[in-house]
Amino acid sequence: METQRASLCLGRWSLWLLLLALVVPSASAQALSYREAVLRAVDRLNEQSSEANLYRLLELDQPPKADEDPGTPKPVSFTVKETVCPRPTRQPPELCDFKENGRVKQCVGTVTLDQIKDPLDITCNEVQGVRGGRLCYCRRRFCVCVGRG
C-alpha cells in the first residue's frame, strides 16, 4: 500500500515537471529581440501615420542593459526615414528603398519584448538635415553618416 502511494505521488510530480518543461520554453519563445520590438514599433508608426509613404528603420541606438523580464518597458531611441513605398501597398518597409530627400524622424519612448503584451509608447519628431553633429546621406538602402558622433 505504501509503495502504491509513493508511486502515485512520484507519477504526479513527474507529470507536473513535464508540464512545467513544456510551458517554460513556450513562454521564452514569445519574447522578441530588442530590434524586433523596435521594428514592431516602426510598423505601428506606419499603421497610425496619415502620410503618403511608409517609414523604415534608419538607425537604432544602443539597447538598454539586459533585463530578464520581457514585460518590463524598455527605453528606446531610433531614427526612421521615409521610403518610396506608398502606405496602401502594405509592403514590408524593409523591402522599400529610402526616398531621396525623404523625411527623417527621431523616435523615443518605450517598448516591451513580450509578444503578448503590446504596450508601445513612442513619440517621433521630424529631423532637419543634421543630427547630433552628423549629416547622413542615403542612397537606396544604404546610408553614410559623416561628422562627429
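All positions are counted from 1 along the displayed chain.
Keep in mind that glycine also has a Cβ here, set from the backbone N, Cα and C atoms.
Residues annotated as disulfide bond in Swiss-Prot, with similarity to another entry given as evidence: Cys85-Cys96 (among others). Its own atom aside, the Cβ of Cys85 (disulfide bond) has 21 Cβ atoms within 10 angstroms in the protein chains shown.
A strand conformation is recorded for Cys124 (disulfide bond) in the three-state DSSP classification. The Cβ of Cys124 (disulfide bond) has Leu45, Val80, Lys105, Gln106, Cys107 as same-chain neighbours under 8 Å, each 6 or more residues away in sequence. For Cys107-Cys124 (among others), the entry in Swiss-Prot reads disulfide bond.
For Cys136-Cys145 (among others), the entry in Swiss-Prot reads disulfide bond.
Annotation source Swiss-Prot lists disulfide bond at Cys138-Cys143 (among others).
Sequence annotations record features per position, and here Swiss-Prot assigns arginine amide to Arg148.
If you look up Swiss-Prot, you'll see 61-80 marked as region 'Disordered'.
The signal peptide feature in Swiss-Prot is assigned to 1-29.
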